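Per Swiss-Prot, these features apply:
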BINDING   152, 178, 189, 276, 400, 405  substrate binding site
ACT_SITE  189  active site, nucleophile
């Protein structure tokens with residue numbers, strides 16, 4: 001069940017960025033599970049990657065190659081090529097070499113990405129056999145098809161698009177993502193691809209995707225697990241007839257930053273809305289922190305708590321579980337007598353105790369909604385952070401218990 005996530009919005013084509021989809025039958029015969037993306041010559045490419053120590057073979061290669069000349073991005077679903085050791089690296093290189101051979105580029109110009117089951121050998125021959133069909137399918141209009149092609153346990157494709165005008169020239173930013181479980185990005189299973197036709201230097205582009213991911217992909221969590229394969233890529237094709245952005249300042253940069261951040265936020269929140277088994281979309285706001293980190297610590301303590309997440313699923317306003325999570329978040333010298341907690345607009349705890357105005361009926365009414373905000377006021381300073389998460393349902397357990405069957 002996707003919470004408040006409807007059909008894909010219009011995904012505007014990005015000049016200089018093409019996508020092609022084909023079937024390798026990695027997990028299911030006939031399933032479109034290979035996506036090739038082609039960047040125009042001269043494009044800048046930047047990315048952020050998982051910090052999981054068991055990062056997948058394609059992540060290792062993509063991190064090594066991203067600052068060089070990049071022409072193609074190759075994604076397969078159904079197999080993560082993680083936990084596969086040196087043979088996994090060999091397999092990832094082979095798929096890149098085959099695509100390079102078919103297109104006449106150097107193998108180092110191909111960045112690989114994989115998502116799916118961890119620990120199984122990558123079916124190289126199947127992927128190689130699907131590459132020509134993906135190349136034949138390349139089109140700037142294939143964003144929606146690619147959004148479907150990168151899905152695993154997702155129930156709906158995810159994408160967003162923005163356009164703005166600068167000096168009479170229209171700039172486009174379009175992105176897609178996948179992910180529904182094993183979601184607590186930290187680079188940053190989550191993959192994101194965003195492209196723009198603006199011309200941007202690689203260093204500025206890298207800072208842009210790092211900051212954009214930090215405020216979006218790095219603020220979502222479904223189950224607290226950081227995948228071995230997480231990455232988010234930002235490509236600037238430079239096809240728009242405007243000067244290159246070489247500094248993080250000025251009206252053009254500011255407009256591009258807003259568009260990129262908006263797309264990041266949309267596709268990141270779409271991952272939460274489509275979380276495995278999710279029936280609630282939950283915003284955890286933490287205000288009044290002494291610093292950003294303690295706000296994040298409190299937010300994640302609440303967002304990761306199985307007791308809170310199951311209470312959300314049951315629409316049970318068990319506010320004591322929220323207080324307990326705040327108390328164990330590790331905030332030094334926390335004065336609980338200054339803490340207020342709200343469910344939606346209802347104050348459920350004031351100065352560390354049940355609010356005198358609170359009734360169970362008020363809490364139950366808020367918890368029955370599909371979209372819920374938990375707001376925590378720490379009373380320690382001026383810092384704030386926001387995390388987005390889900391409830392924890394029977395369906396989440398079922399999906400993950402049956403994942404390999």
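Cβ from N, Cα, C; glycine included.
Annotation note: residue 178 (substrate binding site) sits in a strand segment as assigned by DSSP. By neighbour count, meaning other C-beta atoms within 10 Å, the densest spot among the binding-site residues 152, 400 is 152.
DSSP assigns residue 152 (substrate binding site) to coil in the three-state reduction, placing it in neither a helix nor a strand.
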